[in-house]
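Enquirer: Per TrEMBL, the features are:
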- 2-156: domain 'Glycerol-3-phosphate dehydrogenase NAD-dependent N-terminal' (DOMAIN)
- Ser10, Trp11, Arg31, Tyr48, Lys105, Ala139, Arg254, Val278, Glu280: NADPH binding site (BINDING)
- Lys105, Gly135, Lys190, Asp243, Ser253, Arg254, Asn255: sn-glycerol 3-phosphate binding site (BINDING)
- Lys105, Arg254, Asn255: substrate binding site (BINDING)
- 179-319: domain 'Glycerol-3-phosphate dehydrogenase NAD-dependent C-terminal' (DOMAIN)
- Lys190: active site, proton acceptor (ACT_SITE)
Amino acid sequence: MKISVIGAGSWGTALASQLGLKHEQVFLWARSSELAKSMQQTRQNSAYLPGVSLPERLICTSDLEQAVSGAELILLATPSHAIRETARGICPHLQNEVIIVSAAKGLESGTYKRMTQVIAEEIPQLADRVAALSGPNHAEEVGRQQPTASVVAAASLAVAEAVQDAFMLPFFRVYTNPDVVGVELGGALKNIIALGAGAAEGLGFGDNTKAALMTRGLAEIARLGLALGANPLTFAGLAGVGDLMVTCTSRHSRNRRAGMLLAEGKTAEQIQLQTNMVVEGIRATGAAYELSRTSQIEMPITEQIYQVLYEGKSPKTAVLELMTRGKTHEVEEVALNGVIAFR
Ligand SMILES: NC(=O)c1ccc[n+]([C@@H]2O[C@H](COP(=O)([O-])OP(=O)(O)OC[C@H]3O[C@@H](n4cnc5c(N)ncnc54)[C@H](O)[C@@H]3O)[C@@H](O)[C@H]2O)c1
Ligand SMILES: O=P(O)(O)OC[C@H](O)CO
């Protein structure tokens with residue numbers, strides 16, 4: 001089986017190196033020919049995942065046609081803002097039976113679409129063979145083969161199981177879930193709450209504050225998810241609370257670190273310029289804020305983080321406004337297709 005990983009950032013590199021342990025023909029495509037050459041020679045991606053050795057048989061290339069032609073499984077691991085152009089770029093080189101997996105966690109700016117929707121639009125002939133991989137997965141730990149659980153979502157069980165089979169290793173356990181909407185929204189929206197958790201930490205607040213943000217953050221993620229057609233139970237799983245926990249607390253999280261910089265008074269623009277790595281939560285906040293307005297869903301934490309990122313509000317004021325907003329109930333049950341969900 002030929003597998004291609006498109007995008008040689010931290011996540012693409014970690015997943016390619018994992019797949020290279022299991023499959024004979026694995027290609028890792030980097031946009032930069034220098035990076036591809038250096039990875040091929042040194043067996044390291046020192047720019048994005050230093051300290052992780054790439055398996056000998058992994059082929060690193062910047063030739064897109066070489067990477068994808070004849071592949072049976074293609075993993076798109078660029079940042080979410082590059083997924084549309086990446087899907088468009090691979091399209092002419094594809095064979096019919098290929099499965100495309102999105103590893104990106106974000107929503108498209110302007111359209112607010114999920115990544116599998118974007119891919120299906122660009123490669124319509126494969127719309128029923130597109131899946132999303134998500135969960136509490138930091139590249140730095142997967143690259144070092146630390147026990148990790150992940151979830152693959154696809155409308156077709158056969159597609160989800162094919163991806164599950166391709167990725168399963170003793171240190172990487174993959175579950176399937178038919179709820180593509182919930183899995184993708186969980187992965188994209190937790191980054192917003194992680195910005196808040198980092199900001200709270202940067203302001204000197206402790207564990208109570210972080211727990212409150214994570215719990216109420218999950219409530220608003222589930223509220224929007226429900227409105228957009230997700231199964232609310234997905235948010236109790238790996239792509240929901242699992243990823244929220246890891247991103248809000250891990251030293252590896254770029255979104256959490258970005259939040260800490262917000263607390264120091266840095267702007268979103270300054271934070272992006274300070275790192276070569278993507279901070280998905282910044283764009284996701286804009287998308288979620290617009291979605292919450294059009295769906296008339298209350299997302300107070302997202303709204304405050306939006307105002308900090310895009311309107312210059314101070315994180316301290318945002319915390320005060322969250323704490324002093326009108327009183328409300330914690331749990332409101334709603335019935336949805338026979339499932340009891342919490343609002
Ligand atoms: N890093 C992780 O631990 C992790 C885990 C799970 C999911 N993800 C998700 O995976 C996606 C990629 O994240 P990452 O951590 O690998 O990012 P990264 O910042 O480490 O690397 C991004 C890579 O994408 C490349 N890139 C940027 N713009 C591009 C474009 N227009 N076309 C092609 N390539 C482009 C960069 O050159 C770089 O190689 C994100 O959506 C992220 O949320 C990351
Ligand atoms: O480093 P972050 O904040 O982009 O998070 C990476 C992954 O999404 C964690 O699951």
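Any Cβ shown, glycine's included, is placed from N, Cα and C.
All annotation found in TrEMBL is predicted automatically rather than curated by experts.
Note that the structure is a prediction, hence the values are computed from the model and not measured.
I'm curious about the neighbourhood of these features; can you describe it?
Expert: Secondary structure at Arg254 (NADPH binding site), taken from DSSP and collapsed to helix, strand or coil, is helix. Remark: Arg254 (NADPH binding site) has Thr275, Met277, Val278, Val279 as non-local neighbours, by Cβ distance under 8 Å and separation of at least 6 in sequence.
Of all the Cβ atoms in the protein chains shown, 33 others lie within 10 Å of the Cβ of Lys190 (sn-glycerol 3-phosphate binding site).
In sequence order, Asn191, Ala194, Leu195, Gly198, Thr247, Val279, Glu280, Gly281 are the residues near Asn255 (sn-glycerol 3-phosphate binding site), counting only same-chain partners six or more apart with C-beta under 8 A.
Secondary structure from DSSP puts Lys190 (sn-glycerol 3-phosphate binding site) in a helix.
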Enquirer: For Lys105 (NADPH binding site), name the DSSP secondary structure in the helix/strand/coil scheme.
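Expert: Once the DSSP labels are grouped into three classes, Lys105 (NADPH binding site) ends up as coil.
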Enquirer: Please report the distance from the Cα of Lys190 (sn-glycerol 3-phosphate binding site) to the Cα of Lys105 (NADPH binding site), rounded to the nearest angstrom.
Expert: 9
Enquirer: Need one number for the substrate-binding residues Lys105, Arg254, Asn255: the maximum pairwise CA distance in Å, whole number please.
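Expert: This binding site's residues have a maximal Cα-Cα distance of 13 Å.
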Enquirer: With DSSP, how much of the domain 'Glycerol-3-phosphate dehydrogenase NAD-dependent C-terminal' (179-319) is helix, how much strand and how much coil, in residues?
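Expert: Split by secondary structure, the domain 'Glycerol-3-phosphate dehydrogenase NAD-dependent C-terminal' (179-319) comes out as 111 helix, 0 strand, 30 coil.
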Enquirer: May I ask which residues of the same chain, at least 6 positions away in sequence, place their Cβ under 8 angstroms from the Cβ of Gly135 (sn-glycerol 3-phosphate binding site)?
Expert: Thr148, Ala149, Ser150, Val151, Gly187, Leu238, Ala239, Gly242, Asp243
Enquirer: Using the residues the record lists for NADPH (Ser10, Trp11, Arg31, Tyr48, Lys105, Ala139, Arg254, Val278, Glu280), what whole-number Å value is the largest Cα to Cα distance?
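Expert: Greatest Cα separation within the listed binding residues comes to 21 Å.
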Enquirer: What whole-number Å value do you get for the CA-CA distance of Ser10 (NADPH binding site) and Ser253 (sn-glycerol 3-phosphate binding site)?
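Expert: Between the Cα atoms of Ser10 (NADPH binding site) and Ser253 (sn-glycerol 3-phosphate binding site), the distance comes to 12 Å.
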